[in-house]
Amino acid sequence: MCYNMDMTNFKKNDIFEAEVLDLTHEGQGVVKIDSFPFFVDNALPGERIKMHVLKVGKSFGFGRVDEFISQSKHRVTQLNLDYLRTGIADFGHLSYDEQVKFKHKQVVDILRKTAGKSDYPVLPVVEAIKTINYRNKAQIPVQMVDGLLTTGFYRKNSHTLIPVEDFYIQHPEIDAVVLFLRDEFRKINLQAYDEKTRKGWLRNIVVRRAFHTGEMMITLVVTSKKLPEKVELVIDHLVERFTNIKSVQLNINSGTGSFILGKEFILLYGKDFITDLMLDKTYQISAPAFYQVNTPQAEKLYETAYEFAGLKPGDVVIDAYSGIGTIGISMADRVAKVYGMEVVPAAVENAKRNAQLNELENTHYEVGTAEKIMPKWLSEGIKPDVIFVDPPRKGLDEGFIKAAAMMNPRRIVYISCNPATFARDVVRFEADGYLLDKVQPVDLFPQTHHIELVASFNKK
């Protein structure tokens, strides 16, 4: 075997022996050849590998492991490598104890790098109760493979489907539903959508399973509302086999983009929602609604948020990015008034319905952006004691931070699914008079690189 020793001119298919030095935040091993970094899947710190160069850029390259010369004592060796190839479990080859250590270090390092301080109090990670089979929702792509309708997951950074039957991190009954539908659709020769020819009907199978009630919702993402022959019979067989299915819907997505759901839903069976519990409150969950995918860990997350808030019976609180109301409704019994806002009208209607379902009379929800709603509330004399915010991965707009500071709460509680944008927002909050008090990482996503956190900011 030939080794290219010209370290200044790497080429595709070169092979080097090297030590893995670190992990990226996405779980790739970091190898340096003459200070030039390569990122390598399925490689852990401390391992020595023969690395096959796949791609070389100006500042870094990518490689794969051709051979392990030595392996880490923290490696999980029995893992199905398809979980790494697809990203289903991009940390699945690392022992759970080490995953937790890495995620804590990730939060600390990002805060130090972005916010410029090394003394932020980052508490130990709240570990997961279950480290596999925990997800209550799955979005499964469907393609024709060798003439057969096939379910699985895309190879990372591609739309090439890798067939998967056991998805490892989602509830086993979700897997069972997906396989049942795959087999039934094969029997009737149903055609999956083909991105190249733009022909075929079925694009994705989306399954939710409520953690506490066991109710299930099936959404078939399709190109047309016209049902192919015998699909209704498949649905009949499905609900006979899985009696806890309470909703079956079509979602119409005739577009050519990579987004999963279209705007139109058509009910085929049952109700247009399922019901679950969160911290002893009842919630109706619609097909497009956001709902945390790991219910037991989400309950820990929210309890931590309420503890950080230091809630008092007379408090007025704002639940920004309120969604279907889970954060505000779950704490409504502990405070005097909950105000929530959300830009998605259907989510606001869900929040109002969920408040009624729980017989709450101290909640109020409006449609609109926080940047517009909060100044309006301030002009109406509403003065919150605590503001809760749970934004998407992009974090907060600067306008939100300004509007929140104008409300002058004693404390702001921030729930984040992206440490990088959270760290950026720490700097912005501190510029507007709110200092970071403490950070609590919570592992909602075992076997993956993702980490959730709760943080509190106190007014200077």
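Using N, Cα and C of the backbone, Cβ positions are placed for all residues, glycine too.
Given the structure is predicted, the values throughout are model-derived calculations rather than measurements.
Pulled from Swiss-Prot, these are the features on record:
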DOMAIN    9-67  domain 'TRAM'
BINDING   GLN292, TYR321, GLU342, ASP390  S-adenosyl-L-methionine binding site
ACT_SITE  CYS417  active site, nucleophile
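Taking every pair among GLN292, TYR321, GLU342, ASP390, the residues listed as contacting S-adenosyl-L-methionine, the largest Cα to Cα separation comes to 16 Å. Under 8 Å, Cβ to Cβ, and six or more positions away along its own chain, CYS417 (active site, nucleophile) finds PRO392, ARG393, HIS450, GLU452. For the binding-site residues GLU342, ASP390, counting C-beta atoms within 10 A of each C-beta gives the highest total at GLU342.
Residues in the domain 'TRAM' (9-67) partition by DSSP class (helix H, G, I; strand E, B; coil) as 0 helix, 35 strand, 24 coil. Annotation for GLN292 (S-adenosyl-L-methionine binding site): spatial neighbours ALA298, LEU301, THR326, LEU444, criterion Cβ-Cβ under 8 Å with sequence separation of six or more. Sequence-distant neighbours of TYR321 (S-adenosyl-L-methionine binding site) (same chain, six or more apart, CB under 8 Å from its CB) are MET341, GLU342, ALA370, VAL389, ASP390, PRO391, PRO392, listed in sequence order. Other residues of the same chain near the S-adenosyl-L-methionine site, with their Cβ within 8 Å of the Cβ centroid of GLN292, TYR321, GLU342, ASP390, are PHE290, ASP319, ALA320, SER322, GLY323, THR326, ILE327, PRO391, ILE415. Under the DSSP three-state reduction, GLU342 (S-adenosyl-L-methionine binding site) is assigned to strand. Look at TYR321 (S-adenosyl-L-methionine binding site): DSSP puts it in coil. Model confidence over the domain 'TRAM' (9-67) is summarised by a mean pLDDT of 96.
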